[in-house]
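Below is one structure; the comments refer to it alone.
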Amino acid sequence: MTDQLVGAAPVAPPADPEAGAKRTARRRRWRLTGLVILGWLALYGVWEYGSWWFGSRLLPTPYEVLLSAVEIVESGNFLTDFSASVLKTFAGFGVAAAVGAPIGYLMGRYNYWRAFFHDGVTIAGTIPAIVYAVMSLIVFGLSNLGPILAVALVSAPYIALNVAEGIRGVDKSLVTMSEAFGRTPQQIRKEVLIPTIVPYVFAAIRMCFAVAWKVEALTEVFGGRNGVGFQIRTEYQLYDIAAVLAWMFLFIVFMLIIERLVLAKSEARLLSWRPQERSSAL
Amino acid sequence: MAVLTIKNLAKTFNVGTPKASRVLDDISFDVRGGTFVSIVGPSGCGKSTLLNIISGVEEHTSGDISLTSDSGGPARMGYVFQDPRLLPWRSVMKNMMYVQNDRSEETVARARKYLDMVGLAKNADFFPGQLSGGMQQRVGIARAFAVEPDLLLMDEPFSHLDAITARGLRAQLQDIWAQSKKTVVFVTHDVVEAVELSDRIIVLQPGGRIYEDITIDLPRPRRQTDPTVATLQAEVLGRLEAMKTLSRTAAA
């Protein structure tokens, strides 16, 4: 036994640690990609099985939905309704940012304003989206303003609370450092305050985006004259479930593109200083 | 010529309340241009408060402080903190430039020069999160020197570092100071460090009064291994121990 140990092969020289780290990162990325594909395949399998179980009239197969989506895109109505929904979502989101961000700033910066807004914002954030949808339709009727108001009302509390948290999370020692070096309040705002709240703002945008388009579509289902929600209602009345799912599918694709190509990319660029962003870029 | 003059300075926290506590009492001293002055004393004797008052971050309750600059304009100050306090979202070079008043070529070159002096010229484009604690503190030191301050304030800048890194940085600080000859007020609770670096040591006692003002007349560069440095360190340490005993007796 001892002889075997003594006569063991010499220990190999340590490999290049940087190459090793890159190899590990590559392997991790492949494993993650594999899991994403597996997730999609599982979803597809469940859907196919569901179609077989319920019958394709009640739950059309993925292929039927895809055909219907192609038909919608080719019909020409797609762009008009789609852009109407997207524009209303963005407009609502813009209103929410214009109202929510200053409220969040005041809540994060001053205790008095925090006391003034806190309960109102919390209550506004807990009211179900459907209540906002119905209220907006009552106030604005069948105009485009209904969905915009609904999106704004649902998103504004999220934005306000996240911006407030961001402001409260500012590292005081960096502010003291800036003051000790004679930096002006404008410089401190630009170099310390805003970079601190950027991650919080991104979290708010992502959260709001996921909720905003659902509320927008829901409001159109109840009382829209155009848009994806309106088309979903029309197809539902015609009992064309494949078309209902196709509209939903197209909207999801668009939102995924926005999320992955616009939000995720700009977040990675703006937050490249964070260790987790750098390691994911390896 | 004195760069910094302090006369009868006092600081009381929570003035006019039952919680009022005096942390600095009747502090008077001046600091001549180009000297390295350390303020030492036990924890809670008001060292950091004094530095914050000098920098203007904190108000004093009574007394006078005056700062003069070579240019005749307002005095410029640099500050090295206990922790590096770098903006994590800015590169090392951008951190250096953040505290500068202009973006001229001369200023950029000066920032680069001090980064080079602390051995981090190659890391100018790194983010602070990519550097070790010691390297970050070196950036903090370079940043403070690069503003070409009339007065450089240092608040226990090596207290969060391990002994070996701190020793290396002390040597580096001595070299940079020897070249720049800036006026420095250095706060520390480490007497050994104070003797190694300073021309003069002001000892604060509990209650925030000056106990002793000691001149350190030793040739530079000084190293801890030098017997004359070690002897003087032991002597100053002995005086500090005597002060502590005296304070304890008075308190009893």
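Keep in mind that glycine also has a Cβ here, set from the backbone N, Cα and C atoms.
The shown structure was predicted, so the numbers you read here are calculated from the model rather than taken from an experiment.
Quick look at what TrEMBL annotates:
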type	residues	note
REGION	A:1-22	region 'Disordered'
COMPBIAS	A:1-10	compositional bias 'Low complexity'
TRANSMEM	A:32-54	transmembrane segment
DOMAIN	A:82-262	domain 'ABC transmembrane type-1'
TRANSMEM	A:90-108	transmembrane segment
TRANSMEM	A:120-142	transmembrane segment
TRANSMEM	A:148-167	transmembrane segment
TRANSMEM	A:192-213	transmembrane segment
TRANSMEM	A:241-263	transmembrane segment
Is the transmembrane segment (A:241-263) in contact with the transmembrane segment (A:90-108), using three or more Cβ pairs under 8 angstroms as the rule and ignoring pairs under 6 apart in sequence? no
Surrounding residues of the transmembrane segment (A:32-54) on its own chain - C-beta under 8 Å, 6+ positions past either end: 60-62
Same-chain residues at least 6 beyond the ends of the transmembrane segment (A:241-263) with a Cβ under 8 Å from one of its Cβ atoms are 57-60, 64-69, 71-73, 78, 82, 85-86, 202, 205-206, 209-210, 213, 217, 228, 231-232, 235
